[in-house]
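*Asks:* Sharing a structure below in structure tokens format, with a few things to ask.
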Amino acid sequence: MIDSKKKHQKLKITLVSPEQIRAWSETILPNGKRVGEVTNPDTLDPTTKKPQRDGLYCERIFGPVKSGVCACEKKPGQKKKGFAFVDRKKKKDSNFCKYCEVELVDSRIRRYRMGYIKLACPVAHIWYIKRVPSYIPTLIGKKKSEVIDLVYCNLFITRPAANRPTILRFRGLLQDENLPSWIGILFPYISSWNFVEFQERELATGGNAIQKRLTGLDLRILLTHSYMEWKKLLRNYKIQRTQREKNKIQKRKNFLVRRIKFVKYLIQAKIKPEWMVLCLLPVLPPELRPIFVLGEQIIAESDLNKLYQKVLIRNKNLQSSFEMQGDPLYSTGKRDFMTFQKRLLQEAVDALLDNDRSGEPGEDLFNRPYKSFSDVIAGKEGRFRANLLGKRVDYSGRSVIVVGPSLALHQCGLPREMAIKLFQPFLIRNLIRRGVAPNIRAAKSLIQGRKPFIWKILQRVMLGHPVLLNRAPTLHKFGILAFQPILVKEHAIRLHPSVCTGFNADFDGDQMAVHVPLSIEAILESRLLMFSHTNLLSPSSGSPITIPTQDMLLGLYILTADKNQDISEFRYHPSKSKKKISSKKNPCFSNYDDVFIAYQQKRVQLNSPLWLRWRVADGGILTSVDREVPIEIQHEPFGTSQEIYEHYAIQKNRMGKISNIYIRTTVGRILFNREIEKAFLSFSKLLESPQTNPVF
């Protein structure tokens, strides 16, 4: 129910009275007639394919199929021989056809205008009988099996008529000694056509019996009695000693608690219990149960139409039986058949509301069960979760995530086919501004052609538009972060592995949603607050949340590992070589560039040991030992010397000053050290910038 009187709209799902259903469904035409009741089970005319009058698609009830065109296919102001429109001078009748009685309004009215079916007998709502918990048995205090037998006319109950004692309810009259005499008195009523009157007065079954029982309930008295009984059972529970008696009392207490909660809700919501029995069945608007004409004879329609047709046909048959019951020739056997027709009507309404819980679910020609009203609104594909709560959002997409090791922390790889759809309006505007396309149609043609220059322009367009990546469930703020998109040719989203901790994601098939912020405020918020490289610490503990993953740690280990060789292989042997430190197995390099050139030329491997000349101005060597003792000290004839340690060597001149330092390392360690140096250098430049005000 949408409350249009208040500023904020709300959706409320509750039980309504038959009067409210009639108020929603009935419409007063300009000629004073009331329409809204659906009596014809037909949908479309088989020859003209037009809606049948008073049928499930009637234009008098639900509005015109075409905007401003009546069933006669005439627009306002046109004349047709044989009839005339209502006087156009009268404003109230200007949009009404006098002949077909169809209002000439917008066809969108067929999306929300309802109808109703007046049931020949009351029908109990299946949701309140067969579902758990079952509310109708809870209220009337009967077993669920007994209530089901009563609803489906397998059980009769005696009830008072007009608050007066009946024959079967006189206390003390039906005793064992006078039972034969009573059978003789009642037999003429049961075996003749007087049974109809006898049944209406003395017996009740079906939805009518449930309705009478619920109508006679006083909720406040029932609440008081239930509470008093619960207190009495609470005292008896402490007295009883056997476990069997305690279990019996506990079961009754649980039943009373359920009843008290439900009765309190009914009183608070001002709902009458008898509203759980239907007298008027609402008919959904036609646009919510569409029908499509695919050919001359082939028609595709919603399953709800088939279920509505079954209800209308059985309701019509029951009405005919009621009209014939006053006939003396109407035999008792046919009256039994009328009771059977009540059960058929109950089953038809059950199938419409919840086909899965009905006795025999209705099936189509391919033995597939029809989708009932419960199936339409329930589940992930239902009306609520698919259209109201979690409907698909514009400018959004979804795909599988894979690792992107070459991406920066604030970047993500966006598939080209997804990006060209998400940024199509921005791309069209850019093409028109550049003069590449004269209009929107030409721009769309270029985009559909996938010209090579389109991808370059698209990448420029994406520079000013960050995207939001979200992985469900979004449990904290790190579940949705902003990234700068980079075009990739694959169909998967590429993601930096360090940000997966915040998303609680891995690369085993997880999917993530992409959203494009549109407004200036959303783009600014994405850049200032939601970018991944600005969300590095957990707000709860202050610990880093963007940390290297196991794959990255394993890669760093492989990168910095070296071959375990003894240090004696790199000692100075003057008898074997003229070179001081290097040999064929351990080459010597003077700087980083020489190492990288040799690695590209495949003269050295990633983990091969080598000697690298270290910059003396950078200071000493950091070791794991505070004061490392040299393994060997070599003195030259010219006064120079060199000290050989475990991982480095130091050359000194005649004055004892350090002239050269050589460190024992690998290509992988040099690569790792260079990246660390670049990171510290960029960070120091950022701190030295006058626009930066760091807070520590």
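Note: Cβ is positioned from N, Cα and C throughout, glycine not excepted.
The Zn(2+) binding site feature in Swiss-Prot is assigned to Cys70, Cys72, Cys97, Cys100; the stated evidence is sequence analysis. As annotated by Swiss-Prot, Mg(2+) binding site applies to Asp506, Asp508, Asp510, with the evidence given as sequence analysis.
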*Asks:* Of the binding-site residues listed here (Asp506, Asp508, Asp510), which is spatially closest to Cys72 (Zn(2+) binding site) when Cα positions are compared?
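*Replies:* That would be Asp510, the closest of Asp506, Asp508, Asp510 to Cys72 (Zn(2+) binding site).
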*Asks:* What count of other C-beta atoms do you get within 10 angstroms of the C-beta of Asp506 (Mg(2+) binding site), across all chains shown?
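*Replies:* 14, counting other Cβ atoms within 10 Å of Asp506 (Mg(2+) binding site).
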*Asks:* Cβ within 8 Å of the Mg(2+) site centroid (Asp506, Asp508, Asp510 excluded): which residues?
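*Replies:* After dropping the recorded site residues, what remains is Ile401, Ala505, Phe507, Gly509.
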*Asks:* Count the Cβ atoms, other than its own, that fall within 10 Å of the Cβ of Cys72 (Zn(2+) binding site), considering every protein chain shown.
*Replies:* 15
*Asks:* Going by a 10 angstroms cut-off between Cβ atoms, which of the binding-site residues Cys70, Cys97, Cys100 has the sparsest surroundings?
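*Replies:* Fewest other Cβ atoms within 10 Å, among the binding-site residues Cys70, Cys97, Cys100, is found for Cys100.
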*Asks:* Check each residue in the chain of Asp510 (Mg(2+) binding site) that is at least six apart in sequence and keep those whose C-beta is under 8 Å from its C-beta; list them in sequence order.
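*Replies:* Same-chain residues close to Asp510 (Mg(2+) binding site) (Cβ under 8 Å, separated by 6 or more) are Val400, Ile401, Arg471.
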*Asks:* Compare the C-alpha of Asp508 (Mg(2+) binding site) with the C-alpha of each of the binding-site residues Cys70, Cys97, Cys100, and give the closest one.
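*Replies:* Answer for the nearest of the binding-site residues: Cys70.
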*Asks:* Which whole-number value in Å describes the distance between the Cα atoms of Cys97 (Zn(2+) binding site) and Asp506 (Mg(2+) binding site)?
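*Replies:* Roughly 65 Å, rounded to the nearest whole number.
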*Asks:* Measure from the Cβ of Asp508 (Mg(2+) binding site) and count the other Cβ atoms within 10 Å, all protein chains considered.
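*Replies:* Here the count is 7.
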*Asks:* Whole-number Å distance between the CA of Asp506 (Mg(2+) binding site) and the CA of Cys70 (Zn(2+) binding site)?
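*Replies:* Cα-Cα, rounded: 59 Å.
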